[in-house]
Every structure is written in structure tokens, then in C-alpha cells.
């Protein structure tokens, strides 16, 4: 008799859980910082690189791209720029 009641109890429990609504968490109490979606060209380039690496798995080893920040692309070496500017300054 106990084995026959188990499916009935599970069915009722499932129906009760399906009718419950989740309560939203108040954003005032949440102190975590949400990650913002980046819309700059650098981030778009990184997302495109990730997509191409994952989609071209049949061409060779699918190595994940290195994670570089937005300051890496087009970054200049400050020492070289300063030295070049010093040659043009009149003394």
C-alpha cells in the first residue's frame, strides 16, 4: 500500500511546486555588481574571435583565445612615444 501512495504523493508535490511563483529578490539588498555588456569595438572583436575559434573546430585544435582587456588593442608603448617627442623639441 505504501508503494501505491508514493506516486500519488509525488504527483501532488509536483503539481504544488508548479503552481508556486518565485518571489523576486529586491535589488536594494543585492550588493553584487552586475557585469555590463560591452559595446565597444574591442569587445566586439573579442566576441568575434571567441565565436570564430569555437566555430572552426574542424580546422584544427580549438584553442581558446587569450583573455585580453580593452586596453590591449592599439596600445602604444609610452617610453617610445616620449623619446620620439623629445627629438623634435627645440633646446
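For all residues, glycine too, the Cβ spot is worked out from N, Cα and C.
Keep in mind that this is a model prediction, so the values were computed, not measured.
Taken from Swiss-Prot as is:
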type	residues	note
SIGNAL	1-22	signal peptide
DISULFID	38-43	disulfide bond
MOD_RES	73	tyrosine amide
Request  = Would you count the other CB atoms within 10 A of the CB of residue 43 (disulfide bond), including those on all shown protein chains?
outcome  = 13
Query = Once the DSSP letters are reduced so that anything not helix or strand counts as coil, what is residue 43 (disulfide bond)?
reply = helix
